[in-house]
Amino acid sequence: MPLVGGILADKCGYGKIVTIGIVVMFVGYLLLAIPTAANSTGKMMMLGALFLIACGTGFFKGNLQVMVGNLYDSPEYSSKRDTAFSLFYMAINVGALFAPTAATKMTNYVLSGAGFTYNAQIPSLAHQFLNGTIKPEGSAALEGLKAAQGFTGDMASFCSTYIEKLSEAYNYGFAVACISLIASMAIYLGCRSMYKHADYNSKQAKTSNNHNEPELTPEQTKQRIVALLLVFAVVIFFWMAFHQNGLTMTFFARDYTTQYVTGINRIGFDVWNLVLIIIAVYGGFSLFQSKTGKAKIISGVAVLASLIILAGNYYAMDDTIEILPQIFQQFNPFFVVALTPVSLAIFAYLARRKKEPSAPRKIGIGMVIAACGFLILSIGSIGLPTPTAIAAKGIDPDTLVSPNWLISTYLVLTFAELLLSPMGISFVSKVAPPKYKGMMMGGWFVATAIGNYMVSIIGYLWGDMQLWMVWSVLIVCCLLSALFIFSIMKKLEKVA
């Protein structure tokens, strides 16, 4: 769908297609927010909603980024393009930072109203019981879970009630998404005067004296498209590896990582503590970069206040807190937001010394760093039983590993992501032939989608294979991709 949205925007205008995309997404999420019965009608409604969300996302995502790139087409601003996309990417992750906590809070709120608490094992076992496919060991486990929930009715009532309340929580969650989209639309339309001059395609640029886009020969157009297709081929394998956070890395959090944390580790599992750390980081950068004494004082107060509140939160927390597998999803967006000023400072330092790597070179370096991230997880997995062994016999609690293995992996993968994703988008916006900007930006997201689809390939290895070998496959994929992009670096830097 991003490719279709890009082609339409190249012909009809980017702003118009972005607006349509937001509206279509809203309708899709609204349909998901409406409670439906678990029958064929409900299933068709869900599939229709997902189709609308896919269409809306395809119309919205790439074309908004084309408009961001258009802001920096002028020669006086072109040197700031990479920085702009880094900040844009950081803003995207601000929302992603709160999403896991919002989902968890909504789920706990609805379930607690019915006297339940969330347990990841119950939904699957409950469906198996209601479908008549549950095995004896699953039935025994479900009996224990029912007793732990304090439910006094029969098993069928427990299963149906729990699933009903969990489904209700999902409906509320999608309603929150609708509210978020209304806010997005208000900002997008309310601030249009600030970016209206960037809402143009190649056809509109030719009829305007305000936009001087280069005229490319057919050969130059071909060279640029080929270069972009080569980059797309590389990023497919990055996203295949990176988005294991939604599959095998979540399995690792669920099955191999301790479910309780103590000490200093508790800080990272509260999103508001992460927000305070972000404030301290940004305040620290502002403190050193501010030109006036007043600005330095404000920055210093922000840093000091955030650290004091953080310390108070730490001492007020329970000595031991339980963590759910999905909460690990907040670490990647946290690191993106917190580390963006660090990456900008590093590249600004290199730029002043004329040593800043090109966008394609940053992508290659990012692939190498991604391999290092999975190396950490591979080391942490040595000696652990296979997933098949756990399914058959369970796992000794003493074998469970520290959450720091996953957190460290997310940290390194985020460094790689900051080099690859915003830099890749910046490269596309700069290199894409003017009349194909939307289509080429859509191509970037097609590559991302293919990478997401290929995530399941690694999922097939999750069984009899040793865990360190599973992560090693991803290491090899990242290193081979890095080797390929460095081998064609001259061709990529020529068009850049």
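Just so you know, glycine gets a Cβ as well, placed from its N, Cα and C.
Taken verbatim from TrEMBL:
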| type | residues | note |
| --- | --- | --- |
| TRANSMEM | 17-38 | transmembrane segment |
| TRANSMEM | 44-64 | transmembrane segment |
| TRANSMEM | 84-103 | transmembrane segment |
| TRANSMEM | 172-191 | transmembrane segment |
| TRANSMEM | 225-243 | transmembrane segment |
| TRANSMEM | 263-285 | transmembrane segment |
| TRANSMEM | 297-316 | transmembrane segment |
| TRANSMEM | 331-351 | transmembrane segment |
| TRANSMEM | 363-385 | transmembrane segment |
| TRANSMEM | 405-429 | transmembrane segment |
| TRANSMEM | 441-462 | transmembrane segment |
| TRANSMEM | 468-489 | transmembrane segment |
In contact by Cβ distance (the transmembrane segment (441-462), the transmembrane segment (225-243); 3 or more pairs under 8 Å): yes
Ranked first among 44-64, 263-285, 297-316, 405-429, 468-489 for CB pairs under 8 angstroms with the transmembrane segment (331-351): 405-429
The transmembrane segment (44-64) in contact with the transmembrane segment (468-489), cutoff 8 A, at least 3 CB pairs, sep 6+: no
For the transmembrane segment (84-103), distant same-chain residues with Cβ under 8 A (at least six beyond the ends): 65, 68-69, 71-72, 173, 176, 180, 271, 274-275, 326-327, 329-330, 332-334, 336-337, 340, 343-344, 418, 421-423, 425-426, 429
Chain residues outside the transmembrane segment (17-38) and at least six past its termini with a C-beta under 8 angstroms from it: 5, 8-9, 45-46, 48-53, 55-61, 63-64, 67, 167-168, 170-172, 174-175, 177-178, 181-182, 184-185, 188-189, 438
Tertiary contacts of the transmembrane segment (297-316), as residues 6+ beyond its ends and Cβ separation under 8 Å: 264, 266-267, 270, 272-273, 276-277, 279-280, 282-284, 286-287, 290
Of 172-191, 263-285, 363-385, 441-462, 468-489, whichever stretch has the most CB pairs under 8 A to the transmembrane segment (405-429): 363-385
Leading contact stretch, 263-285, 363-385, 441-462 vs the transmembrane segment (468-489) - CB distance under 8 Å: 363-385
